[in-house]
Amino acid sequence: MSLQYGAEETPLAGSYGAADSFPKDFGYGVEEEEEEAAAAGGGVGAGAGGGCGPGGADSSKPRILLMGLRRSGKSSIQKVVFHKMSPNETLFLESTNKIYKDDISNSSFVNFQIWDFPGQMDFFDPTFDYEMIFRGTGALIYVIDAQDDYMEALTRLHITVSKAYKVNPDMNFEVFIHKVDGLSDDHKIETQRDIHQRANDDLADAGLEKLHLSFYLTSIYDHSIFEAFSKVVQKLIPQLPTLENLLNIFISNSGIEKAFLFDVVSKIYIATDSSPVDMQSYELCCDMIDVVIDVSCIYGLKEDGSGSAYDKESMAIIKLNNTTVLYLKEVTKFLALVCILREESFERKGLIDYNFHCFRKAIHEVFEVGVTSHRSCGHQTSASSLKALTHNGTPRNAI
């Protein structure tokens, strides 16, 4: 394996931060006062990212709720995905005894809040205003410990999603069947089938057939938790169809097999092309991001320690022994495009770089228009930038 890392060509003018962070200025409904949340759930702990005061940037961020029984792994998921905690270190985390609010915005393209709920939360407690919390929530993630008896968890799942659906039917409901690293493949499939069947039967009995649950097998000891969170976050991105379309156009004109648009900090992929996601390919791309950041921390910082491990000049090429090439390029301050292609296709690097320049410009236009209009933009937004894409070296305007 060979690694090439260094500065790329002159960056696109204004690229560093031009597209900035996704829903920073999008309207997701006004969030209630933080004091209300504290009164509703016995206090809200300040997250590592720090919370903004009422009326600040918090009011435009989608909210993701992490719920589940005690010791199901909720806090571990949050720490591993968004705070780079080693999975082994999560063994020393204390149980959550109050609502813990984590603001994911200062160092990530993915701009939202995660509320980690204690396992003993009682919805029938008159002092708990669950309606206030469920209003304005983008997604509810319910974590079930697959290695434990999950009958009580299924009962709590049904109560939780039923109440949430009545308050906010537009919310996405996600179920993480967690800690599956200790189960055999057959046991994983059987556990997922059983939980899926029982949960949906309970909803059908309650007349909630329209309530859709999405199920994921997850573990903090592999990349499954990152992939699951990627799919959860993608549902909250109004520009997702546009991003997928841009990626499809880019790879079809550049001879690329697979491309991911990554949030560098969390390793969540914001979008990918329409071809199926192979877990091994995703893991390769995640590992490449780790390598690039680690190498950059060693050689990319200034003598006084200033600078950034990832900036507008970041670019890396890794050539594997099986003639596969991994190619990483900076898109925005927090986004990177990671491509998988064959060595013979990479011989046309000039073509790929030109098409990437057009792709990056289109991405910036998508989010600039989105911030201005407070709504997801259509495909017309980026049409002008993609007209210049070349196919087999021939400019579009020359065809």
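Our numbering is plain: 1 for the first residue shown, then up by one each step along the chain.
Any Cβ shown, glycine's included, is placed from N, Cα and C.
Feature annotation from Swiss-Prot assigns region 'Disordered' to 1-20.
The N-acetylserine annotation in Swiss-Prot covers S2, and the record cites a large-scale study or a structure entry as its basis.
Feature annotation from Swiss-Prot assigns phosphoserine to S2 (among others).
Under the heading phosphoserine, Swiss-Prot lists S15 (among others).
For R71, S72, G73, K74, S75, S76, T90, E94, T96, H178, K179, D181, S219, I220, the entry in Swiss-Prot reads GDP binding site, with the evidence type experimental evidence. In sequence order, T90, V143, D145, H178, K179, I220 are the residues near G73 (GDP binding site), counting only same-chain partners six or more apart with C-beta under 8 A.
The feature GTP binding site is assigned by Swiss-Prot to K74, T90, T96, D181, with experimental evidence given as support. Cβ neighbours of D181 (GTP binding site) (same chain, under 8 Å, six or more residues apart in sequence): S219, Y221, D222.
Secondary structure from DSSP puts T96 (GDP binding site) in coil. What Swiss-Prot records for T96 is phosphothreonine.
Within 10 Å of the Cβ of S75 (GDP binding site) there are 21 other Cβ atoms, across all protein chains. Residues K74, T90, T96, D181, recorded as contacting GTP, have a largest CA-CA distance of 23 Å.
Fewest other C-beta atoms within 10 angstroms, among the binding-site residues T90, S219, are seen around T90.
Residue environment of K179 (GDP binding site) contains 22 other Cβ atoms, counted within 10 Å of its Cβ in all protein chains.
For the binding-site residues R71, K74, the ranking by surrounding Cβ atoms (within 10 Å, all protein chains) places K74 first.
Listed in sequence order, K74, S75, D116, F117, P118, G119 are the same-chain residues at least 6 apart in sequence whose CB falls under 8 Å from the CB of T96 (GDP binding site).
Residue annotation for GDP gives R71, S72, G73, K74, S75, S76, T90, E94, T96, H178, K179, D181, S219, I220. The furthest Cα pair among them is separated by 23 Å.
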